[in-house]
Amino acid sequence: MSNAPPDYPTLQSIGWPWPGPAEDPAWQALFAAHPQALPARVVEQHRTGYVVADTPEAGLKAESLPEWQRPRFPSHERASVGDWVLMEGKRIVALLPRRTSIKRGAAGEHYHQQVIAANIDTVFIVCGLDADFNPRRIERYLLLVGGGGAEPVVVLTKADQTEYAEDALAVLEELEAQNIPLRAVNAKDPDSVAALRPWLGDGRTAVLVGSSGAGKSTLTNTLLGSQKMKTNAVRENDSRGRHTTTHRALIPLPSGACLIDTPGMRELKPTGEEDLAEGGFSDVEALAAQCRFNDCAHIAEPGCAVRAAIEPIRWIRSG
């Protein structure tokens with residue numbers, strides 16, 4: 001990286017949280033310990049390493065700290081997309097403390113935490129209004145977000161492909177009482193996606209999470225105004241897609257915000273740190289137990305107790 005002093009206005013364009021030098025005492029201590037180092041943000045995470053940047057256009061393959069290569073080193077103590085690091089040339093010399101994060105228990109037999117994204121303002125929980133719609137999965141995502149410091153926003157995609165959007169929103173009525181924003185959008189329509197603008201202002205960072213086929217890459221392309229992210233069709237029988245995003249990446253948006261796209265998650269393990277607030281979707285789960293089919297998606301199946309209960313409500317929250 002350049003030996004020039006940090007360009008803080010440019011760093012702000014990729015999410016630097018202050019107009020000038022770091023104001024957090026813990027960050028200041030690490031800057032003092034590495035006086036020759038310069039700040040950069042992790043913009044890509046691969047199995048083989050990281051890409052960091054100090055401008056929206058530049059990317060540099062970085063050499064990670066030696067201890068991060070040890071098999072037993074805790075994965076949540078390694079850098080993740082969105083993290084800020086200190087660089088000396090191409091080498092990462094320090095990981096700056098996270099201000100916010102979203103974590104999960106990593107997939108597999110052995111328990112350890114995995115950071116999905118760091119230093120984020122908003123977590124967009126993306127779920128399709130098709131066979132992918134699953135209130136319980138949304139609740140699990142909300143639990144993972146809870147306590148991490150970021151604001152959750154539930155985004156229901158494919159609102160143009162279903163006549164049951166109103167019912168799906170009514171199923172999630174409890175979110176309203178918890179002050180959790182909820183938006184139903186057509187991910188291919190810029191005017192519809194404009195409903196997400198309040199969370200994508202200059203200098204802000206958001207992350208998209210959700211299962212494969214939920215429409216995250218399509219949503220990213222619409223926000224970018226280009227087809228940067230590859231998309232695949234989903235299977236008709238269960239609305240599941242193949243992973244079109246294969247690694248986590250931080251992408252600058254025309255709005256001045258940064259967006260982190262993540263691969264779809266097949267497994268959502270708790271970390272043990274979740275804020276297990278009372279309530280949640282307890283009423284919905286009680287109704288779901290009465291549905292005729294165990295795998296009922298609460299969209300159009302016969303004998304759905306959830307839809308029968310909310311049929312008189314049929315409300316939709318506008319953007």
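Glycine too: its Cβ is placed from the backbone N, Cα and C atoms.
Residues or ranges marked as domain 'CP-type G' in TrEMBL: 112-268.
Sequence annotations record features per position, and here TrEMBL assigns domain 'EngC GTPase' to 118-266.
Residues annotated as GTP binding site in TrEMBL: T157, K158, A159, D160, G210, S211, S212, G213, A214, G215, K216, S217, T218. In the three-state DSSP reading, T157 (GTP binding site) counts as strand.
There are 19 other CB atoms within 10 A of the CB of C291 (Zn(2+) binding site), with all protein chains counted. TrEMBL lists C291, C296, H298, C304 with the feature Zn(2+) binding site.
Taking C291, C296, C304 as the binding-site residues under consideration, the smallest Cα distance to A214 (GTP binding site) is found for C296. Each of the binding-site residues A159, A214, C296, C304 was scored by how many other Cβ atoms lie within 10 Å of its Cβ, and the smallest score goes to C296. Across the structure, S212 (GTP binding site) and C296 (Zn(2+) binding site) are spaced 19 Å apart at their Cα atoms. Residues belonging to the domain 'CP-type G' (112-268) score a mean pLDDT of 79 in the model. Here C291 (Zn(2+) binding site) is positioned 32 angstrom away from T218 (GTP binding site), judged by their C-alpha atoms. Largest Cα-Cα distance over the residues recorded as binding GTP, namely T157, K158, A159, D160, G210, S211, S212, G213, A214, G215, K216, S217, T218, equals 19 Å. Neighbour counts of Cβ atoms within 10 Å were compared for the binding-site residues T157, S212, and the top value is held by T157.
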